[in-house]
Amino acid sequence: MFLDLHPYTILVSIFIILLVKQIVGRIGKSTIQEFVWLLYLKISPNQAIKDYNTKKVELHEINKQKRSISAQDEYAKWTKLNRQADKLTSEIQKLNEEIRQSKASIDKLANVLLMVLTTLPIWVARIFFRKTHLFYLRSGIFPRYIEWVLALPFFPSGAVGLTVWMFAANSVIHNVISLVSFAFEKRVEKPVRQKK
């Protein structure tokens, strides 16, 4: 076998991958995609994005000037600013269409990256390490039928394989993350029975 890893290496790496997968699931793919997009906006060499940001700042300044003067008292200046604002708005809309295509490709790239980091390693491990004994239980710790279930699908009684380890680790990680995140969730008000 070309991937001859120690069983404890497999245990720890699968645990870390499952932990990352649960954290990604808790945060949400859309939140991660939005973070990647904002990061891309900051570091991108794309000229359309730079123009978009510059024009947004210009539009903000023009609108600020428009609000500071009276349309009745300084009509010519207000009209000139209004034309500039309309022109900038149309340019911003054109740039926004270009940027939307970039956002779609960045979102797709983020999805692929998340899949490569969380889902693909699990499937690779299931294929290559499905017959690897990860650890052994001493005989008599559990009743015989529980040892048999823990040895599923390919192992002699008393051995624990990847399938059972992944199931157990995923359950524990999910429960711990749920307990930790519960403390930060919005409080739910006690329901009050309505009188008839």
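Residue numbers in this text run from 1 along the chain shown.
For all residues, glycine too, the Cβ spot is worked out from N, Cα and C.
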* So, in Swiss-Prot, are D4 and E189 both on one side of the membrane? -> no
* Structure fact -> Checking 31-51, 115-135 against Swiss-Prot, the stretch recorded as transmembrane segment is 115-135
* **For the transmembrane segment (115-135), distant same-chain residues with Cβ under 8 A (at least six beyond the ends)** => 1, 3, 5, 7-8, 10-11, 13-14, 17-18, 20-21, 24, 153-155, 159-163, 165-166
* Structure fact -> Counting only residues at least 6 beyond its ends, the same-chain positions whose CB falls under 8 A of a CB in the transmembrane segment (11-30) are 110-111, 114, 117-119, 121-122, 125, 134-135, 162, 165-166, 169-170, 173-174, 177, 181
* Asked: How does the topological domain 'Cytoplasmic' (177-196) divide up by DSSP, counting helix, then strand, then coil residues?
  -> 6 helix, 0 strand, 14 coil
